[in-house]
Amino acid sequence: MKYIVVTGGVMSGLGKGITIASIGRNLKNKGYKVTAIKIDPYINIDAGTMSPYQHGEVFVLRDGGEVDLDLGNYERFLDTELTRDHNLTTGKIYQEVIAKERRGDYLGKTVQIIPHITNEIKSRIRKVAARSGADVCLVEIGGTVGDIESMPFLEAVRQMHREEPSENIVFIHVTLVMEDLQGEQKTKPSQHSVKELRALGLSPEVIVTRSKTPLQESAKEKIALFCDVPQELVISAHDAADIYEVPLEIEEQGLTTRLMKHLKLESSVEDNGWREMVSRMKSTTEEVKLAIVGKYTNLEDSYLSILEAVKHGGIDNGCKVEVNMVEAETLEEDPAEIEKLRQFDGILIPGGFGGRGTEGKMLAIKFARENDVPFLGICLGMQLAVIEFARNVVNLENANSTEFDEDTPYPVIDILPEQTGVADMGGTMRLGDYDAILKDGSLATKLYGTNYIVERHRHRYEVNPEFVDRLESFGIVFSGKNKNRMEIAEIPDKRFFFASQFHPEFRSRPGRPSPPFKGLVRAMCKYNKEKEGQ
């Protein structure tokens, strides 16, 4: 097994995840099987209970793992499927070590950070890498060098560097190069970051610099000199117009070839599919506008996978999608704001929890339904679409979800039976892959090209089966079902009115977009042309 370990310095949020995903993409283009592990030094067991404002979206894996959004980038760039074990946290490591101590696995020894915690970290990394069957395992250590939380993980990979043959492991350090008011790039923070890393016994073989503009030659020379790496291994990862261009920028600087040389990997394969996808993305001329009506709109990372899936749909349809975030509560506070939705070619209601903003979202759904604007609802978005339909078409006054109103006379959305009495929040929802059977002749079947699908879920509430017949008698169709569970709702006489209980965005890939997103963008393009022809 070959390991590429990536650390970060100066500040968090530099883009280590995109860097590691880009390196992995380039290695995959050379014919290698690549997997990736994200280490998060927080004490949480997983990301499932974190606020989107704290940590961005919670990405859901096929096995139900609720993980850091970087794993979403890994899956999209590498076109692979990971598991919950690919996300290590301090909480998971300590939980396992304490469980072993309670069982007596350590035979009465004093349990310490070294060797017990570090051994557990190394064991987890190696087991995940081996099970994946990959040629190369990428390991990203979250946070910033110098953070106390990261110390056990850095010590563990230091030991791995000592234990593995030199041709089996390489260290890459991602750091920030800032510019002063005159535009000169300052390397001192990067130098100090590498110095701090070296104090921990780690010497990076490659330094990747994050900057607004391409790294100047003088800055590259300084970093090479003071950080003791060859100048050709100081790589500029400057801001790109789109993250999918980053693998190409890194490739042009020869990093992939040099990594292969260090790791003694040989390949004559050259897959240009990624380059062709980026070329298609950059050559789009048509543009449409999408409104995402949500409650976490102040931080776009809260809806990262949705934004990427929309982009994938745009690439496939040959058009650029301009996304506008609309705060749902503003629609509640000022109904006049609803009229502003007329400028958009499509409306999307994403998933979420809690009652805040739900009435505003339903106003947006009503607008889309009544004005025949292409609409996509996801998870809570589907539930709210059903509530809106029940209230305004079926005339079930005060219909609601028991999540928001336990005393509603018409609980068209109710808690999953198995969720009744569940006390713990973490890892207890209906999570991960579940299948669905699609109705023949439905929009769902046309989008997917099959009547059997598997998609990822994250929810506690569902459409109440007791109301299905009554709702369908008024024109809504539940075209996807998992036994007696409603997975998809659509209104056939609309341009595009599609809502899913599952999260299709988590399986969307560049070059292989999620069918609902592909269909939404196609409908938006058609609607836009119809409006222009009026």
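Using N, Cα and C of the backbone, Cβ positions are placed for all residues, glycine too.
Same-site candidate for L-glutamine binding, as annotated by Swiss-Prot with Tyr53, Gly352, Leu380, Gly381, Met382, Gln383, Glu403, chosen from Arg124, Arg460, Arg470: Arg460.
Just one of Ser12, Ser22, Ser51, Ser305 is listed by Swiss-Prot for the same CTP site as Asp147, Ile148, Glu149, Lys186, Thr187, Lys188, Pro189, Ser190, Gln191, Lys222, and that one is Ser12. Swiss-Prot names Gly13, Leu14, Gly15, Lys16, Gly17, Ile18 as ATP ligands; from the candidate set Asp70, Asp79, Asp85, the record adds Asp70 to that same site. Within the set Ser12, Lys186, Thr187, Lys188, Pro189, Ser190, Gln191, Lys222 that the record links to UTP, no two Cα atoms are more than 23 Å apart, and one pair reaches that distance. In this structure, the C-alpha atom of Asp70 (ATP binding site) lies 23 angstrom from that of Leu380 (L-glutamine binding site). Taking Cα separation as the measure, Ser190 (UTP binding site) is nearest to Gly13 of the binding-site residues Gly13, Gly352, Leu380, Arg460.
Residues listed for L-glutamine, Tyr53, Gly352, Leu380, Gly381, Met382, Gln383, Glu403, Arg460, cover a largest CA to CA span of 23 Å.
The Cβ centroid of Gly13, Leu14, Gly15, Lys16, Gly17, Ile18, Asp70 marks the ATP site; residues of that chain outside this set whose Cβ lies within 8 Å of it are Gly8, Thr19, Ile20, Glu140, Val174, given in sequence order.
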